[in-house]
Structures are given as structure tokens and as C-alpha cells.
Amino acid sequence: MSSPKEPLSVVVAGGGTAGHIEPALAVAEALRDGYGATVTALGTARGLETSLVPDRGFDLRLIEPVPVPRTPNLDLVKLPFRVAKSLRQARQVLRDTGAHAVVGFGGYVSAPAYLAARSLGIPFFVHEANARAGMANKLGVRLGGVGLNATENSGMPGQVVGIPIRRELAGGEDATAAERGRTQWGLEADRPTVLVTGGSQGSVSINSAVAGALDDLLGAGIQVLHAVGKRNSLPTARPGYVPVPFIEDMQAAYAVADLIVCRSGAMTVAEVTASGIPAIYVPLPHGNGEQALNASAVIAAGAAKLVDDADLTPQRLVSEVRDIVGNPATLHRMSAAARTSTVGDAAGVIAGLVATAAGY
């Protein structure tokens, strides 16, 4: 009899923001649940992964981040030394875990992970969630990684697989999650609810617009669940207005929301669309313009609207929200458009590709 194989071991790399971490964890769960894999997450001490990864039951190993300066400065001079240190750390993690494969999702830890995997002869995959690929992921494919894209024309070679999202967010309406949300945030079931979030750090422009629009929104019978960001001061709660620093239970938040106002990071767009929630996207006005592109397909499908950051005044916010929430037919049409534009099980597809490449 042949001896049984050792369990599949995979390292996922995608630290920093939730947009990098959540797809990594979705794939980690698909590998664990579908293939019995041991999955280790690679991250840094400064990212959200320090809480998100352990909370989801995975081991987290830390390395030094390697941000690439966009302009010549002292950090650029230090870059080769930082890369060398992070590469050594990443190689050690791959050896310690006996990794059979690596999957990177962009961010500061991905480049060292790609370099380490190549140097050790370990197959590796590069997932790009944004409509425009980042530098670390482009490097990963050039190094021999298998490219996996969320959308066409990202500028990175590879097949289109969509964005991995948590299974519990892909099932649409969830009465249990909605009741949990109403209980923990004190929301009323018979009032329309607008969820507002600027991401884990919050958004000054979105927060300011909400502050100026609040009287009109509440006066129209709309209740607002507002994640202001961990670093921002918490506004005073009012009847119908629930400000919180950050929302851990996004399943419940999506379940109670009739409409969401948020940035259009790739992961956010994927989760919101899968949850069937009409959206008003306010793209981050920085970077290479990928946030506007991330939302372009769902906007074209009629599932969302876009408001430029510079145009987000309190008056514009009130107008857009009331146009959607105040019209049940519009809400229904946008929700249906969101559900029909959702991509399939990207996490399962990626897990299958990884397991096959590793010989499992």
C-alpha cells in the first residue's frame, strides 16, 4: 500500500487592507473545507490581518512590509535591503509550513511571497481583484506565477475567475442575519436602512456628506447605519442614526441594508453585488483610477450609481438616496440587477486550481 499524502499546505499572502485580506481568507476557507488543507496567512504587524486572520481560525505569520515608493526618496534607496529581509522571512515561512503552493492577492507582502515561492520552486498564483493590476501582482506573473483576474483587461495576463468572497455573503437575503443586525444596532424593521461606510479607516468626504445630510434623511423616515472609521471620532447617536467605528459583522450589515453608500474597492463591489444591495459608489479619488473601473460593470448593469468624490455634497447625497430608497420599483430593479451580475464561486475555482497544481 502506498502511504497517504501529507495534508495539502498552502500559504496565502494578502495583508494590509480588507480588500487584500478577505479574498485570501475566502480562498483559505475553500481550501480548508474542500481539500482538508492547512492554510497559513502571510501578513504584516500593521495590517488588519492581525485581527481578521485569527478570528477566522487561520495561523498568521508576519514579515516586514515592502511598500514600493512611487517617487524617488530615501525609501527607494532602502528598498533593496527591505526586499532582501522580507524575502528571507517569507522563505522561512514557506519552509516552516512545508508549503505546496502559494496564492498572493496583492499588497505589501505579496512580492516577497512571489519571490520566495519562485526561489524555492513552489507553484504560485497571483490574483488581481482590481480592474487595473498593481505592481506587485504584475511582478508575480513576470516571475512565473499563474495570473488570475477578477475582470478582463486588468493589464495582467491570466484567466478571469472573479473575486473570492465569503460563502455567507453569497447567499443573498438572510433573515437570521438581518434580525441579528437589527438587534445589535437597534434598527427598526419597518424603516428603510442606508448603510454608509468608507472602509476600515473611514472617509472624510463621505462622513462630512452624511453629517450634512442627516437631518433630511432622518426626516424622510430613513435610518442610517454609519461606519465612520476606526481613526475618526464617533458622532453622537440619534434616533434612527447609528454611528459605529467599524463593522465586524458585515453579513448582518448587508442583510439589514436597503442601500449602501461606500467606496468602490474591488472586494466591496463584489460583496455588495453578491448580497444584492443597490449601491451609491463614491470612488476613492486617488491611485490609478481603478476604483471607478471596479464599479463600471455593475453601474452599467443598473445595480448601482456613481458619484465622484468631489461632487458628494450633502444635498447630492440626499437627492441620490431619496431617489432610490423612496422608489420601491427602483430598489427592486437595482437589487435584481445586482444579483444577476454576480460571478460564480471564485474561491472554489481558485482552490481547485491550487490543489491541482500541488498534485492534490
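Cβ coordinates come from backbone N, Cα and C, glycine included.
As annotated by Swiss-Prot, UDP-N-acetyl-alpha-D-glucosamine binding site applies to THR17, ALA18, GLY19, ASN130, ARG166, SER200, ILE247, GLN291, with the evidence given as sequence analysis. Non-local neighbourhood of THR17 (UDP-N-acetyl-alpha-D-glucosamine binding site): GLY47, LEU48, GLY107, GLY199, SER200, GLY265, each in the same chain, at least six residues away, with C-beta under 8 Å from its C-beta.
When the Cα positions of THR17, ALA18, GLY19, ASN130, ARG166, SER200, ILE247, GLN291 are compared pair by pair, the longest gap among these UDP-N-acetyl-alpha-D-glucosamine-binding residues is 23 Å. Within its own chain, GLN291 (UDP-N-acetyl-alpha-D-glucosamine binding site) has ARG263, SER264, GLY265, TYR281, PRO283, LEU284 as residues 6 or more apart in sequence whose C-beta sits under 8 angstroms from its own.
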